[in-house]
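> Here's a structure for you.
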Amino acid sequence: MENESEKDRTHNQKREEETGAFSGYLRIFHYGSSKDYTLQAIATACALGSGVGMALVNLVFGQFITLTTDYSLGDIDASKFRSEAGRLSLYFFVIGLCRFFLTYGYSTLYTFAAYRITRNVRHRYLKAGLSQEIAFFDAGTSGSIAMQATSNGRLIQAGISEKLGLVVQGLSAFISAFALAFVTQWKLTLICCCIAPAMLLAMGISSTIEASLETKVLKVQAQAGAFAESILSSSRTVQAFGLRNHLLRDFDKFLQASRKLGNKKSPLFGCLFATEYTIIFAGFGLCFWQGIRMISTGEVEESGDVFIVLMSVIVAAASLTSILPYLIDFVRAASAASELFRLMDRKSRIDPFDESGEKPTDVMGYLDFGNVSFAYPTRPDAKVLNDFSLHIPAGKTTALVGASGSGKSTIVGLIERWYDPLSGTIKLDGQPVEVFNLKWLRQQIRLVQQEPVLFAGSVAENIANGLVGTPWENESPIEKLARIQDAAKIAFAHDFITGLPNGYDTVIGERGGLLSGGQKQRVAIARSIVSQPRILLLDEATSALDPHAEEVVQRALNNVSKGRTTITIAHKLATIRDADNIVVMENGRILEQGTHDALLESNGAYSRLVRAQDLSVATPDPEDIPSSPDEANKEDHVALTSELTRYSTMTRSALGKQLSRDDFDNWKRLGLLQTVWRLTKSTPELNWTFAILIMACLTGAASYPGQAILMSKFIDVFQFTGAAMRTKGNFFALMFFVLGLGSFVVYFVIGWTSNVVAQTMNHKYRKQVLNDMMKQDLQFFDRTENTTGALASRADSYPQAVFELMGFNIALILVATVGVLSCSILSIVYAWKLGLVIVLAGLPPMLLSGYARIRMEAAMDHKISKLFSKSASIASEAVNAIRTVSSLAIESSVLELYTQELDRAIATSTKPVLSIMLPFAFTQTVEYSFLALGFWYGCRLVSFGDLSEVNFYISFLSVFFSGQQASILFGFSSSMTKATNAANYIFWLEQLQPTIRETEENHDIGPGDFKSLHLENLQFSYPMRPHARVLRGIDLHIKKGQFVAFVGASGCGKSTMISMLERFYDPVAGHIKVDALTLDRMNPWLYRDQVALVQQEPTLYPGTIRENVSMGTPTDCASTVPDGDIEATCRAANAWEFISSLPDGLMTLCGTNGTQLSGGQRQRIAIARALLRNPRLLLLDEATSALDTQSERIVQDALNEAASQEDRITIAVAHRLSTIRHADMICVFDGGKIAESGTHEELLGKGRLYPKMCEAQNLGT
C-alpha cells in the first residue's frame, strides 16, 4: 500500500504537463499494427507527392509570367503565345489530376489507419482501467473511464486521420516550394526564407503553451464527465428530490473552471493568428522589394524567376497557415492521449490480467485469516480489521453477523483479493492467496452482493457470465442453456424468466433495470451458482426476495452450499441459523462464534440479536414450504412480465405519437446554415462579440482580393525598367507591409474573439444538455438508446463538436467563404468574360462536391455515433460495476465485447469513407482544372486584344486565391458535419418536453393539506407492452397519519406503486388523488416537495456526507441548512454515531456512488436525507434492507416515530415483515391487485397469503 510522496507526485505531474503532450502524440502511433503502418506509409508517400505537386505549380506559374512578359515586350508573336499557353495549361491539368488521386489515397488510408489505431488505444485504455485494483476506484481518481475512452478517443482520431495527411501535404509543399525557389534563385530565396523560422517559432511557442492549458482543461472536463455520469445513472433520485438545479450548480462549478482555463487561450490564439499572417505578408513585401532590386541590378535576368520565388514563398506560407487549425487538433489529440496514457502507464497492484501465479487443479476450499489487519487506502487511519484471525473450514457454512461497519463485507473483499491486508496472511488450502493466479482464484469463488448488478443483455447472457473461465464456458449452446436453466430453477427464477416476452433471450436493460429488485437478485444467484463454485460468498443474498421466495431460495442455497465452503453475511438471522459456524463481529474483531444453539445458550451478543429480531428457535414445518421453485411459483405467480419495461405511459391513443416524439431519428434536421444561425441566436450575450468577429472576418477576407490586385500590379512592374521599376516595385512592396500590419490587428481580433465564442458555447451547451437530460421523465431514460454510458458520451461529445465548429473553424470558414465570393466577383469585374468562364466552370462543381461530402459524412457520422454509444455503454456499465466484473473475472469478456462494438463501427465506416473521400479529393484539387481553363482562355483573350494583361493577371490570380480558399473551406467539412449532427440533437433535446411537467395551468397547484390519499381503480401498463397490465384496478384510501405497508411476491407491483405515488408515471386508467385533487392536475415539483423516497438501492453523489444529507431539503437551498437540522436527522436515522466517528465527520467524502461508505451507512444517509425533507408522504422501498439488526431496530423505531406523526402518510414496501407488523394497514399484492388488507392481527386471523408469509419468516403474533 505504498503511496508516492506528495512532492514526487507534484513533480511528476508538472513534468507530464510540460512534456507529456507532444510525446503523447507520437506515442499514439505505437498502438498501430504492421498493417496500420503500411497504410500510413503509403498515405504519407501520397501526401508528400501531393505536396510536391502544389510546389510544382509554381514552376508553371514562373514560365507563365515569362511567357506573358515576352509577349508584352514583343519577343514572341500571338500564335506562339497561344500555343505555349495551351502547353502550360495542360501541365496545370496533369498536376491537378495527379494530386486528385494522391489526395484520395492519403485521405482514405490515413482515415482507415486512424480508426484502427484509435480502436487499439481505446482497447488498451479500457483494459488498463479494468486491470486497476478496487482501491483505485474507491479513491474516486478514476474519473469517467468509459467517457474518456469515447471522448478522448474521438479527439485522438480527429488528430491522426485525414487532417494528418493535410499537414504532411502542407509540410511537403513548404519544403518543396523552398527547394524549388532555391534551385531557381538561391540568393533571393535565402533572403525570403527568414519567414519560415519566424513562423515555426511562433507556432512552437504557442502550441507548447496551448498543450499545457489543454491538458488542464481535459482533466477538469473528465471530472465533470464523471459527475454527469453519476447524475444520469440516478434519474429516479434526481426526480424524487428535485435535485436538478442543485446538481446543475455543482456541475457548473466544473464548467466554470474549464471555461476559466480555456479563456486563458484567447490572447494566445490572438497572438498566434496575428503573428502568422503578419509574417506572411511581410515576407511577400520583402520578396517583392528584394526581387525588384535584384532585377534592376541584373542579379536576376528573368522576371519569371522572381515570380517563381515569390509564388513559392506564397505556397510555402499558405501551406504553414493551412496547418494552423489542424495544429490545434493535434494539440487536443496529444493532450487527450496523454490523459489516457496516464492511466495506461499506471501499474495495478492487483492486476486481473496478470497471467502469473499458481493454478492448482483441485481446490479444497478452507480459508485461514491469520492476524489480519486492514484499513481502506482512502482512510488509512481507520482500521476495519485489527489482528483478525478466523479459520473457515472447507465444505462448511460460516456466517458473519454484526453491526454495519463491523468488517463483514471487508472480509469478502479480502477473500476476493480486491484488497491486500496491511499485515497478516490470508490462506487458501494452506497457501497465501497472493501465490495464486488472480483470475483463477476469483473463478473458484462466486459472490452474490447485497445490491446485485446485472448487465445490459439477455437473461441467459447474464447467467452465462458465471461460466466465464470454467470448463463449461465453451459448451454447445444447447448444453449451456440447459445448465443455465438448472441454475435458474435452483434460484427460483426459471418460471418468471419463461414468462418474459422472449424467455431467456429477453433483454433486461442497463444494470438489469427492466427487472424488479427480487428478480435481479434471483438472476444474480443463478449466475453465482451456475459454475458450481468451490467457495460461495453470500452478502445479503436473499435481502430483496419476498418471504416465500426467500425461504425456497435459502433452501436451494443450503443445498448448493453442501460440500462447498460458504461464507454468508446476513442481517436476517433466520437465513443463517443452520450455519456450521456463526461469527459475531464488532469493530473488526470477533466477539463470539459457534452454532446457533450454542450461541443462544451462551446468552451473549448473538442471543441479544436473536431477541431483537423476535426469532424463535423453531423451524417452520417443511410441509408448508414449497418443495421446489415451480411449486412455490404456482402460488405466487403474477404478471411478472409486466415489470420488464419501465416506461412512462399515457392513454393508448397518445402512445404511438409519444414514442415517435421521443425518437431522435424522427426529428426534422436543420442544415448547416440553419444550425449556425440558431446557435448564434441562442447566445445573445455574444451579440457584440459576434459582430466584432464577423467584421474582423470580413476585413480579413478582403486581404485575398487585395493580394490579387497587389500581385497583378507587381507583375506589371516587370514591364518597366530602371528607376521606374524600383519606384513602383518599392511602393507595392510597402503595400504588402501595410497589409501585414492590418492583418495583425484583424487576425488578433479573430483569434481572441473566436476562442471567447467557443468557450462560451462550450460552457452553455454542456450545461444545457445535462439540464435538458435531467428534466426528462423516466420514459426517456428507459429507452434502449439512452443508457447512462450513451447519454454521458453525448453530454460530452456533442457540446465539444459545437465548440470545435463555432470557434476558429467558423471564423476561418467565414473568411474562406467571403474570400471565395470576393475573389470571384473581383475576377468578373476586371475581366467579365474570363471571370464568368472560370467561376461558372469551377465553383459550381466544387460546391456540389463539397455539399455531397457533407451529406454523406452526416449520414455516416449519425450511424457511427450510435455504434460508439453502444461501446460507451458497455464500458460505462463495466467500470461502474467493477466489483461485479472482478468477482466474476469477466474483464476479458467485457473487453472483447467492447472491442467487437468498436470493430463494428470500423467495418460500418469502410464503404462510406471510400465514397466520402472522393468529393473531398475533388474539392482539394479541382482548382487546377479551372486554373488550366483560365490560363488557356485568358491568354487567348489577351492575344486577340480583348483583355489587358493587368486585368488578366487580376482576374486570373483572383480565381487562384478563390480556389485556395474553397479548398480550405471544404477542409472543414468533417467539423461542419459533426457539429451539425450534434447541434440537431441538442435542439431536439431542448424542445423535448417530459410528459409529466410543470405547465402554466398547474404552476401554482400543489397538494394542499394532504389530509388523505385516494387510489381509485388504478390501472397501469408500460407503453412498450400496453396489453400487459402491471396494476389491475387498485382501490385504496389512506388517511393522514396512517402507516400503510405493501407486501407480496417479487414482481407483483409494489415498487410500481411507489413509482406511481412519486408520479414517475401516470396511470392508464383511474386516478390518484390527494384530498379531492388528482395528481395530473398538480405541479409535479410542488407535489414532490411534499414527498420523500428511500429506495432499496440508495444513491449518493460525489461530495461530503453533509452535502448529500442536505439534498433532502425541498427549498433548493441545501447549502443553508443549519448544522443542527443535519445532526438531528442523522440521529433520527441512526447515522450520527458512525458519522461522528469518522475523522472528517460530516465533511467526509462519500466517493463516487458512495463507495467510501458501507451499504448500511449509505442507507442511513439516504434515510436522513428523506427525513430532512419533513415530508407529508414518506415512501419507504425496503428502507432498512441494508441495515444490521441493531441499526435496523433503532432506525425502524425512528421510522415508526416518523410514521406516527399525525400530519404524515407513510407507505412502506417491505419483505421483512417484522418492520411493518405495526402498520395501520398491510396490503398484500398479488397479480397486480390487492388480494387482502388489514392489520397484522387481522390478516393473521382471516388472511390467505399473509399468514404463510409470516410463517416463512417465523413471525408470530
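Each residue, glycine too, has its Cβ placed from N, Cα and C.
Any TrEMBL annotation is an automated prediction that lacks curation.
Dumping what TrEMBL says about this protein:
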type: TRANSMEM; residues: 37-61; note: transmembrane segment
type: DOMAIN; residues: 41-332; note: domain 'ABC transmembrane type-1'
type: TRANSMEM; residues: 90-115; note: transmembrane segment
type: TRANSMEM; residues: 164-182; note: transmembrane segment
type: TRANSMEM; residues: 188-209; note: transmembrane segment
type: TRANSMEM; residues: 268-292; note: transmembrane segment
type: TRANSMEM; residues: 307-328; note: transmembrane segment
type: DOMAIN; residues: 367-612; note: domain 'ABC transporter'
type: REGION; residues: 617-636; note: region 'Disordered'
type: TRANSMEM; residues: 688-711; note: transmembrane segment
type: DOMAIN; residues: 691-978; note: domain 'ABC transmembrane type-1'
type: TRANSMEM; residues: 731-758; note: transmembrane segment
type: TRANSMEM; residues: 810-830; note: transmembrane segment
type: TRANSMEM; residues: 836-854; note: transmembrane segment
type: TRANSMEM; residues: 913-938; note: transmembrane segment
type: TRANSMEM; residues: 950-972; note: transmembrane segment
type: DOMAIN; residues: 1013-1256; note: domain 'ABC transporter'
> Going along the chain, which residues at least six beyond the ends of the transmembrane segment (268-292) come within the CB cut-off of under 8 Å?
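Answer is 188, 191-192, 194-195, 198-199, 202-203, 206, 209-210, 213, 300, 306, 309-310, 313-314, 317-318, 320-321, 324, 700, 703, 707, 714, 717, 725-726, 729-730, 732-737, 739-741, 743-752, 754-755, 808.
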> Within the domain 'ABC transporter' (367-612), what mean pLDDT does the predicted structure show?
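It averages 86.
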> Where among 41-332, 691-978, 1013-1256 do we find the most Cβ pairs under 8 Å to the domain 'ABC transporter' (367-612)?
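Against the domain 'ABC transporter' (367-612), the leading stretch is 1013-1256.
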> I need to check the long-range neighbours of the transmembrane segment (810-830): which residues 6 or more away from its ends have a CB within less than 8 Å of a CB in the stretch?
325, 676, 693-694, 696-698, 700-702, 704-705, 708-709, 750, 753-754, 757, 836, 838-839, 843, 951, 954-956, 958-959, 961-962, 965-966, 968-969, 972, 976
> Cβ under 8 Å to the transmembrane segment (836-854), counting only same-chain residues 6 or more beyond its ends: which ones?
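Cβ under 8 Å, 6 or more out: 672, 820, 824, 827-828, 916, 919-920, 922-923, 926-927, 929-931, 933-934, 937, 955-956, 959, 962-963, 966, 969-970, 973, 976-977, 980.
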